[in-house]
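Only one structure is covered here, and it is reproduced in the block below.
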């Protein structure tokens, strides 16, 4: 347990350990005010970092060095979950100042494919192909050469597929701008920056055919997925659940993410099977864990507690974060808007 009186020393220790690689004066108010949550032992360092990264897009100023160092602090740590969340947050902010750091990650083949995946887009976490995903979400044409190079040469299939998605998104954004259209840039009803524009088709049957068709391109299948999500209803949710059997791990992980957004209890059995499957891609199990945390019935919570001890770090860490977020939400507090004012910290003695 972190007592309030030792919190300043704790921040200094985190800095010395490399937990945050920048001046404490640049820490956002919501991170500083985490001292108020110190009564819960479940707020471990990894969980604190993940939560603050997930919400950073709502608070941080547009400062490249701060963003770069914050991202690097995640990528240099042992927490795969923290790295993924860092890339995801940078992509969701759609800030061009983050591009240099994301490019470094995408080009670094020594990193786990999960992280490099997130860099390709905007909703990038930092350990899957999230880096590529972040570049796609930012949507600048200047990123096209790098994405094309990675598409042609990256050894990881999930990274190549994410580059394909990112390139398609950038092209669609360009076409929409040239034609003075706004359909591809319309805000998601789920307040997320999606890797593909939702399909405009209103037929659940046709959308189901597209997402289940292994011959279709990844961008078209993603569009069908988000079209089904936005449509809602039992038939659409059933089609999304069915697509968890897709051959592509990248698509399966996005399907699990969408099921978490939908929070439909009918998906809990399918998501539970994925989390239990040790042969499934860690990226998919990671998203399944977070989706189960979003559904949050008794069965889901029990399973998350069980797999918080999973030998796969990204899985166990995702379960821990999901459980701690549940505890916090049950307290009746909103994480996004709690940390609006920095508290007065005591001087270290």
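Even glycines carry a Cβ here, placed using N, Cα and C.
Values in this document were obtained by computation on a predicted structure and should not be read as measured data.
Taken straight from TrEMBL:
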type	residues	note
BINDING	85, 117, 118	Fe cation 1 binding site
BINDING	253, 254, 286, 287	Fe cation 2 binding site
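The binding-site residues in question are 253, 286, and the one with the fewest Cβ neighbours inside 10 Å is 253. Under 8 Å, Cβ to Cβ, and six or more positions away along its own chain, residue 287 (Fe cation 2 binding site) finds 253, 254, 256, 257, 260. Every protein chain considered, the tally of other Cβ atoms within 10 Å of the Cβ of residue 254 (Fe cation 2 binding site) stands at 28.
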